[in-house]
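**Q** Just lifted these from TrEMBL, have a look:
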| type | residues | note |
| --- | --- | --- |
| TRANSMEM | 20-46 | transmembrane segment |
| DOMAIN | 39-290 | domain 'G-protein coupled receptors family 1 profile' |
| TRANSMEM | 58-84 | transmembrane segment |
| TRANSMEM | 90-118 | transmembrane segment |
| TRANSMEM | 130-155 | transmembrane segment |
| TRANSMEM | 194-223 | transmembrane segment |
| TRANSMEM | 235-257 | transmembrane segment |
| TRANSMEM | 269-292 | transmembrane segment |
Amino acid sequence: NRSDLSPSSFILASIPGLEAAHFWMAILLCSMYILAVTGNCAVLFIVKTEPSLHAPMYFFLCMLAAIDLALSTSTVPRVLAFYWFNTREISFGACLVQMFLIHTLSAIESTVLLAMAVDRYVAICHPLRHAAILTNAVTAKIGLVAMARGVLFFLPLPLLLLPLPFCSSRVLSHSFCLHQDVMNLACANTTPSVVYGLTAILLVMGLDAILICLSYVLILKAVLRLASWKERLKVFSTCVAHICVVLAFYVPLIGLSMVHRFGKDLAPLVHIIMGNVYILVPAVLNPIIYGVRTKQIQRRILNLI
């Protein structure tokens with residue numbers, strides 16, 4: 001009887017009644033994963049080989065691409081193994097590592113999105129000082145701070161779960177491991193874990209979202225001071241790609257949080273779809289958005305083709 005000990009493994013969620021469709025669901029996920037890997041690798045290659053893109057905004061875009069590659073690779077291959085080979089069990093240690101990577105990489109991505117918003121604010125509101133403020137050295141330091149911030153804030157999450165006893169149920173509600181999902185299976189007081197998890201999310205993703213909104217309020221005020229509507233549209237159009245990327249990240253994040261908080265009675269299909277959207281959709285959309293909005297990237301992609 002191991003009901004009072006840490007389990008040796010967890011069981012990944014399947015969709016009742018749709019087991020026969022797992023193969024085709026895996027085909028869809030695999031196609032999205034290949035698209036995400038191809039698109040983000042193309043962004044990294046193009047920015048590296050195109051001297052005109054050696055600027056802070058595109059270095060941040062490279063960080064975003066690397067994060068998306070790491071986030072999708074830490075989850076999707078394991079999900080595909082589940083759907084194709086029915087390997088539903090994931091070891092307790094592997095689950096905690098996957099959980100740590102998902103939350104930490106999400107926190108790093110949130111910080112990078114905030115840095116990109118600040119870059120747009122400086123470029124529009126203080127264009128003459130942009131090159132002096134956001135140098136390559138400053139950009140590299142921001143990347144290191146983003147990484148350290150994510151690790152320091154989210155490393156305690158798996159450590160808080162390690163000593164907890166778990167009940168006999170080991171079935172997760174997603175095809176991968178998330179903190180709240182694993183925590184709900186514990187049969188002990190999880191208040192410290194709940195409080196810390198909520199605090200970490202508010203101090204990282206919540207604070208970043210507020211500061212991004214504040215940056216765009218200041219940008220909008222600066223844009224509205226311009227003389228003509230043509231100038232206003234031209235200047236603000238430089239922010240469209242970043243706004244779309246922010247929405248692609250935060251909308252699935254908020255949706256998944258709402259499902260965990262209020263959707264306990266929802267069908268398992270909803271939980272699994274929201275989880276996969278959160279992991280894959282930003283990774284697929286980000287290179288497409290910047291590929292459409294950036295002429296240099298468009299030209300390089302056409303040349304490669």
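The count begins at 1 with the first shown residue.
Any Cβ shown, glycine's included, is placed from N, Cα and C.
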**Q** Where among 20-46, 235-257, 269-292 do we find the most Cβ pairs under 8 Å to the transmembrane segment (194-223)?
**A** 235-257
**Q** Let me spell it out: take the transmembrane segment (269-292), skip the flanking residues so only those 6+ beyond its ends count, and list any with a Cβ under 8 Å from a Cβ in it.
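**A** Same-chain contacts beyond the flanks: 13, 15, 18, 29, 32-33, 35-36, 39-40, 42-43, 61, 64-65, 68-69, 71-72, 75-76, 79, 102, 109, 173-176, 178, 241, 244-245, 248-249, 252-253, 255-256, 259, 263, 298, 301.
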